[in-house]
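Single-structure report; data block below.
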Amino acid sequence: MSTEKVAFRMFLIPGCAAEYQRRHAAIWPELSALLRAAGVSDYSIYLDQEHHVLFATLRRSRAHGMDALPAHPVMRRWWAHMADIMRYGTDGTPIVEPLPCMFHMD
């Protein structure tokens, strides 16, 4: 199955890095299953500690189902669980900014 790589950034509230990492170390099995079912794999999140910016990369199948994730109850519950430690928009979802690929080497 063909995949594409996606990169984006999110924003952590200063002082919340340890809690962010703790919550992700205990990621809910139903959330992992939901992401996999949506075609997501090889998902990593990195922290720019100086600027409190989270940088994420993932692979997704070309026929991914990520567009349906924001409406899913498990995703909504996870976002509510993370709302106190990340910057969110007025719609109750984390601020996510796509990042264009500027260079790639196999």
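Here the Cβ of each residue, glycine as well, is placed from N, Cα and C on the backbone.
Pulled from Swiss-Prot:
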ACT_SITE  His24  active site, proton donor
BINDING   Tyr20, Tyr43, Trp78, Trp79  substrate binding site
(message) Say we define neighbours as other CB atoms within 10 Å of the CB. Which of the binding-site residues Tyr20, Tyr43 has the fewest?
(response) Tyr43
(request) Using a 10 Å cut-off, grab the number of neighbouring Cβ atoms around the Cβ of Trp79 (substrate binding site), all chains included. (result) 16
(request) Using a 10 Å cut-off, grab the number of neighbouring Cβ atoms around the Cβ of Trp78 (substrate binding site), all chains included. (result) 20
(request) Identify all same-chain residues not among Tyr20, Tyr43, Trp78, Trp79 whose C-beta atom falls within 8 angstroms of the centroid of the substrate site's C-beta atoms; report them in sequence order. (result) Arg23, His24, Ile27, Leu31, His81, Met82, Pro94
(message) Roughly how many Å lie between the Cα atoms of Trp78 (substrate binding site) and the residue listed as 'active site, proton donor', rounded to a whole value?
(response) 10
